[in-house]
Structure formats: structure tokens, C-alpha cells
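Participant: So Swiss-Prot says this about it:
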REGION    4-184  region 'Large ATPase domain (RuvB-L)'
BINDING   23, 24, 65, 68, 69, 70, 131, 132, 133, 174, 184, 221  ATP binding site
BINDING   69  Mg(2+) binding site
REGION    185-255  region 'Small ATPAse domain (RuvB-S)'
REGION    258-336  region 'Head domain (RuvB-H)'
BINDING   294, 313, 318  DNA binding site
């Protein structure tokens, strides 16, 4: 199973990236959710503008699909500067990064997605650029090689990552601002779904937006993807208007249940409950039981189930929680 094949995957496709650009908020005033992040960034941005400085370097981390790229765009818009975008895997050589840095205007924002995937060679070039606004470049090879320094304009580096723990300490320590994005609350997702529906010219009730939000796994990217599929269903099977009933019918047809679980989530939980009496069960046995790789279970299926309290990791293996039993209407066994 490939994560990108799942309707409730938090990863983005190229087509979705293009479609989502039109409905992304442009300013902090339009930004929904993440209240602590929003209030802090308002102060940091206003203070930088009052001083006439570039904003401090910013690290944004958290699960995929929560709006790290959106926040980077908002920062650039609020500061009134250009945004240059790249990603860690694209910057293969030091010269790739040097080319981007030397083309920045004063106070511009350089956004590096997946910054945890920077190569050590590129990362070494980034240190003096972040700290001293200087670029150290080696000219020539062998005994004739020499280092030259190029002054850079003050700029803001925004790094985004889903794996903050994978960053090296020297890189992490050079960010003056660090923001963690959390999963969204249902009321905030409902607001996002309603806003997206209006941008798409859809007729959607508040209850319809709520139904989509409940099944979106706390993730705006998933909410917008589900909204597009509900729109398709409403246009073909009904008159295009989206009520709670129509949204529920569409999502049930797509095998996304009330908790936002898809077929694979339910298959894993039911395997633990039915085949292993609720667990504990070892990872290898569980992988064999559902026909998946253990890495798929660890990296793709488990995290959300554990976070939502449906699955436990114990020293003896995986166990279904009482909440998992109740989700399927099965009476949990008596605790000894």
C-alpha cells in the first residue's frame, strides 16, 4: 500500500498543490486555527516591521498537511517581501543554495521545505548565511583552492519539516523563532471547509461543512480533498447542494467513516481485535495478518490511531484500546 493512494493521506499531490493555492489564506487575519502561533507571529512580524529589520529565521514543524507552506506565504505577504521556495532534496550541491541566496533582495523570505533532508555539504554553507549574512565559497581545486566571502542582504530563512528531531543541533539552534503546528480542532476545520466551499462556488450548509470537518483527521489538506470528492458526489447524485446528509453519504461511499478512518485503519484495528483478542500482538505478526510491511504499519497506519487513542504500543506489542472496541460496537473483554 502506498500512502499517497489513500484518500485520507496528509501528503499533497501536485494537482492538489495547484488547486489549494487559490483557497489558501494570504494574511494572518484570514488564518484559521493555531491561535498561539497566530498571536505570536503577529507580534514578531509587527516588531520586525517597526524596526525595519528582516524577520528572525523561522522553523515550522508538525505533521504533514497542517499549513506550513501556507504560513510561509503569509509571513512573506505580511512583511511585504518576495518568497523564494525550494526544498531540501532539490538543493543537492552548495552551488544550488548559493545561487538562491545571492538572488535574494533585502528582507526576502527563503522557504526550504523538508529542510531535514538537506545534505551536510549544503547545510555547512547555510550556517554563516543564517548567522552573519555571509556566503563562504571555495574557488578552484586542490592547492590553489581559496575561500571567498560574499555579503548577503538580510533575509529570513523559513524551514519546514515533519521531522524536527532529524535536524542537526547547529541548524536548529540558528532559528530565532520555532513554531509547532498542531492538529486542528473540528470547529476550525469546519470554518476552513466553509471558506473553501465559498471559494469554489459551492452551496454548502454549516452542518455539511461540519460533517466533512469531523472526518478530516484534524488536517486542512485532507478536509479540502474530502470537500472536492463530496462536491463530485453532490453534483452527480443530487443538485450540487451539500447538506450534512449528502456529505455523510458521499464519505460513507468513499469508505471514510465518522472517525476519519479508511479501510486500512479499520483492517488493522479489527485484526488486533478479532485475530489477536485485542492484543498484545507483535509487529511482525500484525504485518503478516494484514498483508502489509511493518514499516507501513509504523510510519503510515499507526501514528494517527495511537494519537487518537485507538491503539497502544506496549513492551509486549500492539493493543486495541477500549475506544477501538467501542468503535466497532464490540464489547471489550473484562480486565483481569
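Heads up, residue numbers simply count up from 1 along the chain you see.
Note that Cβ sites are derived from N, Cα and C of the backbone, with glycine treated the same way.
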Participant: In whole Å, how far does the CA atom of residue 65 (ATP binding site) lie from that of residue 318 (DNA binding site)?
Facilitator: 27
Participant: Kindly report the helix/strand/coil residue split of the region 'Head domain (RuvB-H)' (258-336) according to DSSP, in that order.
Facilitator: 41 helix, 9 strand, 29 coil
Participant: Identify, among the binding-site residues 133, 184, the residue whose Cβ has the fewest other Cβ atoms within 10 Å in this structure.
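Facilitator: Sparsest of the binding-site residues 133, 184 by Cβ contacts within 10 Å: 133.
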Participant: Starting from the Cβ centroid of 294, 313, 318, the recorded DNA site, name every other residue in that chain with its Cβ within 8 Å, sequence order please.
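Facilitator: Sorted by sequence, the hits are 281, 282, 283, 286, 297, 298, 302, 317.
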Participant: What is the Cβ neighbour count of residue 131 (ATP binding site) at a 10 Å cut-off, with all protein chains included?
Facilitator: 12
Participant: Can you tell which of the binding-site residues (294, 318) has the fewest other C-beta atoms within 10 angstroms of its C-beta?
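Facilitator: Comparing Cβ neighbour counts within 10 Å for the binding-site residues 294, 318 gives 294.
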Participant: Identify, in sequence order, the residues in the chain of residue 69 (ATP binding site) that are 6 or more apart from it along the sequence and have a CB within less than 8 Å of its CB; answer 'none' if there are none.
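Facilitator: Expected: 85, 111, 113, 160.
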Participant: Which one of the binding-site residues (23, 65, 313) has its C-beta surrounded by the most other C-beta atoms within 10 angstroms?
Facilitator: 65
Participant: Which three-state DSSP class does residue 23 (ATP binding site) fall into?
Facilitator: coil
Participant: For the DNA binding residues given in the record (294, 313, 318), what is the largest pairwise C-alpha separation in angstrom?
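Facilitator: Across 294, 313, 318, the two farthest Cα atoms sit 14 Å apart.
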Participant: Out of 294, 313, 318, point to the one nearest residue 184 (ATP binding site) in space (Cα versus Cα); all of them are binding-site residues in the record.
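Facilitator: Closest recorded candidate to residue 184 (ATP binding site) by Cα: 313.
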Participant: Measure from the CA atom of residue 23 (ATP binding site) to the CA atom of residue 318 (DNA binding site) and give the result in Å, rounded to a whole number.
Facilitator: 40
Participant: With residue 294 (DNA binding site) as the reference Cα, tell me which of the binding-site residues 23, 131, 133 is the closest one.
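Facilitator: Of the binding-site residues 23, 131, 133, 23 has its Cα closest to that of residue 294 (DNA binding site).
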Participant: Could you give the Cα-Cα distance between residue 23 (ATP binding site) and residue 313 (DNA binding site), in whole Å?
Facilitator: 38
Participant: Quick check: in three-state DSSP terms, what is residue 65 (ATP binding site)?
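Facilitator: Going by the DSSP assignment, residue 65 (ATP binding site) belongs to neither helix nor strand, so it counts as coil.
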